[in-house]
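As given in TrEMBL:
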- T117, D171, D199, A200: S-adenosyl-L-methionine binding site (BINDING)
Amino acid sequence: MAAPKSCALWSYCGRGWSRAMRGCQLLGLRSSWPGAPLSARLLSQEKRATETHFGFETVPEEEKGGKVYQVFESVAKKYDVMNDMMSLGIHRVWKDLLLWKMRPLPGTQLLDVAGGTGDIAFRFLNYVQSQHQSKQKRQLRAQQNLSWEEIAKKYQNEEDFLGGSRVVVCDINKEMLKVGKQKALAQGYRAGLAWVLGDAEELPFDDDKFDIYTIAFGIRNVTHIDQALQEAHRVLKPGGRFLCLEFSQVNNPLISRLYDLYSFQVIPVLGEVIAGDWKSYQYLVESIRRFPSQEEFKEMIEDAGFHKVTYESLTSGIVAIHSGFKL
């Protein structure tokens, strides 16, 4: 998603994070154009000063970010409920599969972009906590001669139950972040979690900072997908991994026809009934149809500099998980 260029950093949970205000230095722009001549940059800028799509509507590029912002500002409070209703709960399985594919180790530094309501972040924290606790138990079993008092003391002295793992949720929409923070407090997520207001196309982070970059159901909403991918590459450490969960192209003709019928005839109605917003969900359906196919998106990821790019289609191609590495 792309709109205002505010870069306030909020954090209230976890050691090592501090409240700060950062100027939006576009660190990524330098790495996005390594050695590119001025003429190439000017040509790209000229091409971008044109039109783009907002669902099936054609709009000036400078307007799309604001329109997308309004969509998610409107649906933020009902976003999670609508996800359950629209997908019949299957989105939870897709997100679980994303974590299974990620398999983060204790100590992993994750950036979750367009992750406002925290679904991926909370799964990540649960996973690394479970992994760290399993490691603890294995270590204790290896020390059979410890007394119960010594074992209890080891658990009590364990300050970081995430094993050094941290996740930063970055989203451009204040309302989505607000919902995510409320969920985190209600569900008891505090340590190892930070919330950042920032643009996927101009991330407010240093180069080579994160081990894993995730974006789930968000990249189709940015104005310049290529620039968002370049930013993902920039902020990842060498050896870091890019993972994207996004709607894609259905590969079964019968399912495709049923999916289209459901998408265009049912989802906007659900949006009106549950969220009081037909137009926003009409846009969401249309934006899915405008997103590149699995193979086309794979090529875009490779063009951004990623290697060993693969994808896995889920539920007959309704969604796909793309993976790539910064080598």
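Using N, Cα and C of the backbone, Cβ positions are placed for all residues, glycine too.
A TrEMBL annotation is a machine prediction, not a hand-curated record.
What TrEMBL annotates, mapped onto the structure for a quick look.
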residue: T117; record: S-adenosyl-L-methionine binding site; Cβ within 10 Å: 22
residue: D171; record: S-adenosyl-L-methionine binding site; Cβ within 10 Å: 28
residue: D199; record: S-adenosyl-L-methionine binding site; Cβ within 10 Å: 26
residue: A200; record: S-adenosyl-L-methionine binding site; Cβ within 10 Å: 25
Longest inter-residue Cα distance for the S-adenosyl-L-methionine binders T117, D171, D199, A200, rounded to the nearest angstrom, is 16
